[in-house]
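Worksheet: one structure, shown below.
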Amino acid sequence: MGLTYQLLPALVCLLACTSFIQGCKYDITLQEIIKTLNLTDGKGKNSCMELTVADAFGPKNTDGKEICRAAKVLQQYKRHDRSLIKECLSGLDRNLKGMANGTCCTVNEAKKSTLKDFLERLKTIMKEKYSKCS
């Protein structure tokens, strides 16, 4: 029982697309996060970048819990800040929550860093994750 010649190209395309999609689950989300973080760099002169936030990152920065914690920190910051940077952070917050995939987490408020340092560290982590996807 052979495949008809009309069906064969469709199956090849389907297989190729499936393997491409499975390469990295959050490829587009990571690109969007990195782009947003690059935009916030330009606003580094803003005084809100010197505000202190909870430092959500551990030494390895690889598990989903740390992404969840980063989303929580940004969510807490958004509640208290009314500046223009809030618009950028809302998209960032949404993307991080999506990557955390509904993971529940808590943030240790004892360790603090500036918002600028927090965002720089987050950008480094996202770039590392993106490089692993490529």
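Every residue, even glycine, has its Cβ placed from backbone N, Cα and C.
Taken from Swiss-Prot, the feature signal peptide applies to 1-23, supported by similarity to another entry.
Cys133 (disulfide bond) has a Cβ environment of 12 other Cβ atoms inside 10 Å. For Cys24-Cys133 (among others), the entry in Swiss-Prot reads disulfide bond, with the evidence type similarity to another entry.
Within 10 Å of the C-beta atom of Asn38 (N-linked glycosylation site) sit 10 other C-beta atoms, taking all shown protein chains into account. Summarising the annotation, Swiss-Prot assigns N-linked glycosylation site to Asn38 (among others) and lists sequence analysis as the type of evidence.
Annotated disulfide bond per Swiss-Prot: Cys48-Cys88 (among others), in sequence order.
If you draw a 10 Å sphere around the CB of Asn101 (N-linked glycosylation site), it holds 11 other CB atoms from the protein chains shown. According to DSSP, Asn101 (N-linked glycosylation site) sits in a coil region rather than a helix or strand. The annotation N-linked glycosylation site is assigned in Swiss-Prot to Asn101 (among others).
Recorded residues Cys133 (disulfide bond) and Asn38 (N-linked glycosylation site) have their alpha carbons 19 Å apart, per Cα-Cα distance. Distance between Cα atoms for Asn101 (N-linked glycosylation site) and Asn38 (N-linked glycosylation site): 24 Å, as a whole number.
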